[in-house]
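> The structure's right below; bear with me while I get my questions together.
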Amino acid sequence: MGNPAVYAEKLNPGEDDEMSITGYRFSFPKTILTCFAVLLSGGTLLILMSWKPSIRIKMTHSLCPFKQAEKVVLIDMYNQQYVEKVVRPEISTTSPTQTIYFYNKKIKYIWQQDFLHFVKLGGLDVESCEHVHSLARGLSSTEALLRLQLYGKNSILVEVKPIFKLIFQEIGSPFYMYQIFIVIVWMVQVYYQFSVCVVLLSTISITATVWETRKQSKALRNAVHSHSEVTVLRDGYEIQKSSHELVPGDVIFLPQHQCVMECDAILLSGTCVVSESMLTGESTPITKVPIAQDSNHPYSPLSNKRSTIFCGTEILHSCSSESSAVKALVYRTGFSTAKGELVRSILFPKPVQYKLYSELFKSMIIFLVLGIPAMVYTAIIWSHHGASAKNVVILVVDVATFVVPPLLPAVMTSINAHGQRRLRTHDIFCLNSGHINFAGGLDVVCFDKTGTLTEDNLDLAGIIPIQDVRFQHPFTPGSSHSLPSTLIHALATCHSLTVVDGRLMGYPVDIKMFNVVAWELEEPKADYHCSFERLPARIVRPKKKEAAFLRMSGMPVTDIAIVRQFPFESLLQRMSVITCKEGSDNFELYIKGAPEMVSSFCDSNTIPENFLDVLELYTRQGFRVLALGYRSLEPNITWDEIFRKPRDDLECNLKLVGLLVLQNKLKPESQPSLRILKKANIRTVMVTGDNLLTAISVARDCGMVDEEDSVISVEAELLKHGDSKSPRIRVNYSHVKLPGFSEKLAVGKNGIIEDACIPLVQHSPYHLAMDGKTFNLIKKYDQVLLQKVVHKGTIFARMLPEQKLHLIEVLQLQGHQVGMCGDGANDCGALKTAHAGVSLSVAEASVASPFTAKKQNIECIPTLIREGRATLAATFGAFRYMVCYCFILLSAVLILFWDGEKPSDGAYVLIDIILNLLPPIVFGGTAAYPYLVKKLPTRSILSFVMQFSMISYILLQIGVLIFARYFLLMQPWFEPTVYNKETTLHPPPSHMACTIISVNMMSYIIAAVIFAPGPPYRKHFFSNKTILRIFSSVFTQDILLSYYKIKMYPLFLYKQYLNIKCENMI
């Protein structure tokens, strides 16, 4: 057999997709033994092997070294198991690209003989940014062919599974396997009516599921499929190739017109403007610049994001100041690209532990165990009556069909469909109806800030110049002409704007900033005549009216060339440009970004003493502040050196020239929606990439933090010790004083609160606020403290996309059911990880979120939770009803067994189809309650309240059935049944069967009323007209059956169909 640990290794060690891998090869003896085991188990083992393929591999294969493996078993960090086939090249093949490999989650893993293990096949292997430029000559046809064999076609093909595979996949689930079992049992008893009904409803349910799965797969396939003709540099010539034939290392030429990028590529020359809405949901155009020729800077798509054009992005415009076209180097293809990663995250999402489904499976097992005593009782009592062994077996197996509701999947599908339909009326669209239940259990909702709580666009509130190391009087946009020339030049050049079809495109902040100075932007063509040493990509100059005013003011008026650009990076929190004035050989650098970041690059002698006080003054009022810096470069530097110099050597010894104050207005729907959530005791959390004080101010303005609440800022720093093996962090807590906030804490020096003081505020409302750096340090070095700060944390600022995801995971580990609402920009990971992610973006990235809201504001969140609570309450109500139906009917049948009787097929049809099926199916039709209440709905079907309500009702109804039996026995007209062995399965009519079945039917009507939940999660029972009609008709039927049978109905109806004895029962 071998020890699995000997043959197991780690795949992708240290990465997010780390997995353990074990090799297996086919074993003929084990396969023969497994075949015998399958026969002896009656196929049960085969079902288990279909549920867990790893069991099948272990029972038919033997452990072996990886080099000999025919199959590999992979187990990821979430304990998900995958079985993959290892492909080996033909012996006659001598190509170096033909190697041992397998695919997992659409990624190819190849065997490395030197290291004797499998490695992921990623993108092009480049050492540094300078190395990228050395590959600009392209590939030969032979090299391209070999790489095509290694990397495969450049396509993102989403497989749409055949219908028969999806059907067998659905049928293989435990519930449907149980339904197959009960249908077989019932058909043996010729109980074809309900068998046909179960088969019909299961077919409808499976068909709906398969149709929805196929529809989603086709929609995803159509959304991600793309193909075009690309100009490629092969063998030194420009040729047209299909995008499917692109391989890493190819050099491609980007057209000037709009097109879609078919791969991840590194920009070698020229610039281009792209829209990355497909990947991030952000529709703002982004400028891409060529990769720097820096031998000391290693290349990575993350750190060189502004030089990497990702697959799936739309190229809006491309241009080059030279006569040659815009060139790019293909870095990754297929599913290894950014677009491929997004598609893979949709196809293979991180598993979220949904307690509802796991508890349903546990309940199924519990009910089967509880049915064992009933089966034993049935065997004993019918053997005592003298029934044949065949009939005893049939009746015992029949009892096993009572203990699990056979139509539960169909009922849940119907309830979810009702919820999905109601959500559509509120312009909320659901990709997976199963998530509606989870939205009903939310107790924490996280919100992005910009574009979600606040408006997307920022308004320019003012500009604060710095002269003589002192802040000057703030200027409004209307008085920008009075600004110093250095600050005007910074506003006119430090941006990533471009001109497309005569219109400025870029970040809204850049457009507002550029419009303030009343300058114009031009992108010169190759035949443009200028006095610069080289033709720049962009030139800015004052408009005629502004130029005239500047001349009158004595300021120089000249064209300024934007020579080199370092676009904004969220990781770096800054952007910068290098410029040159017309007629001058000197270069100047302008920088713009987060004040904390920009000031760190500035000479301390140029920073005003009150810099932090002024910055805090604006940020605490909710303004967003950007700092602007300037530096004149060395006089002897050349144009070539400008492009070769590393960024770090340029961005140093700067002079701080001013602050840009921006205002981000709240959306009008934010405050009322958050107030609704707060009244319902649903915790709200802000997760943003903005400044901490700005985030705190917005949290106060929108009502996330009340004015009387305290806000404590948490700041962690890493302590440097000689022993690096045991790093520690120091955490400081400071009370944030904002306008309108009460002063409730005794604050020490510099606003610092020691750890010992924190318990003093635990009896008064307080919130913790921290930035991404602090969150990351605490997460890495103090897991105990992490749980505490997340438990009380309300504001998380400067958070990177992966940190947002980690915050959601920590909240989930604390037992919270977490929702996430974002506009799609940098929120995709968190939206997918949350129990209920709501995207406010209509871009393609919203396909990764379970819910998408058409209205771009958060008023959809209370609506979603209300509808989710209504659906969850209906689901649990239907579950309780169906469980009570099963066990009450089982009790009634066991009572009849005592007298050698059983219900007729007609009675079963009436109970199973009318009383069992219709009420729970229409439970979901009751509308949601119009208000959210503080009390959370029950989220566990195994909770005490749920179990007590079912058990107490079942016991009460059993008592009623027993009382009815003894009451009947005391009647003088009662005629006991004489048992006949020949009519065991089809007994004659009797008074006992009529009494027990009638009382039993009344218990279902009562149960439907009791377990049909109303306020505070759904409207009242009587608002559902459909269920009222059903109950009225059934109640009338039962009353007539019990008291007016002979007078109101033909006697033969009961004798022939319901098989009950009506005579003398008035």
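Any Cβ shown, glycine's included, is placed from N, Cα and C.
Because the structure is a prediction, the values reported are computed rather than measured.
The annotation domain 'P5B-type ATPase N-terminal' is assigned in TrEMBL to 15-93. The transmembrane segment annotation in TrEMBL covers 31-51, 163-186, 192-211, 360-380, 392-415, 878-898, 910-932, 944-969, 989-1014. Taken from TrEMBL, the feature domain 'Cation-transporting P-type ATPase N-terminal' applies to 128-186. As annotated by TrEMBL, domain 'P-type ATPase A' applies to 227-346.
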> Within the domain 'Cation-transporting P-type ATPase N-terminal' (128-186), how many residues are helix, strand or coil going by DSSP?
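With helix first, then strand, then coil, the domain 'Cation-transporting P-type ATPase N-terminal' (128-186) has 39 helix, 1 strand, 19 coil.
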> Short question: which residues 6 or more past the ends of the transmembrane segment (910-932) have a Cβ under 8 Å from it?
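Tertiary neighbours of the transmembrane segment (910-932) are 193-194, 197, 201, 405, 407, 410-411, 414-419, 422, 676-677, 679-680, 682, 862, 865-867, 869-871, 874, 877-878, 881-882, 885, 889, 903, 997, 1000-1001, 1004-1005, 1008, 1012, 1014-1019, 1021, 1023-1024, 1026-1027, 1030-1031, 1034, 1058.
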> Suppose I define contact as three or more CB-CB distances under 8 A, residues 6 or more apart in sequence; do the transmembrane segment (878-898) and the transmembrane segment (192-211) meet it?
no
> Would you say the transmembrane segment (392-415) and the transmembrane segment (163-186) are touching, if the rule is that at least three C-beta pairs must lie under 8 angstroms and be 6 or more residues apart?
yes
> Does the transmembrane segment (192-211) come near the transmembrane segment (944-969), with 3+ Cβ pairs under 8 Å (pairs 6 or more apart)?
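Contact criterion not met.
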> Within the domain 'P-type ATPase A' (227-346), how many residues are helix, strand or coil going by DSSP?
22 helix, 45 strand, 53 coil
> What residues in the same chain, six or more past the boundaries of the transmembrane segment (944-969), come closer than 8 Å to it by Cβ-Cβ distance?
876, 880, 883-884, 887-888, 891-892, 895, 938, 991-992, 995-996, 999-1000, 1003, 1007, 1010-1011
> Would you list the DSSP helix, strand and coil counts for the residues of the domain 'P5B-type ATPase N-terminal' (15-93)?
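Helix (H, G, I), strand (E, B), coil: 32 helix, 23 strand, 24 coil.
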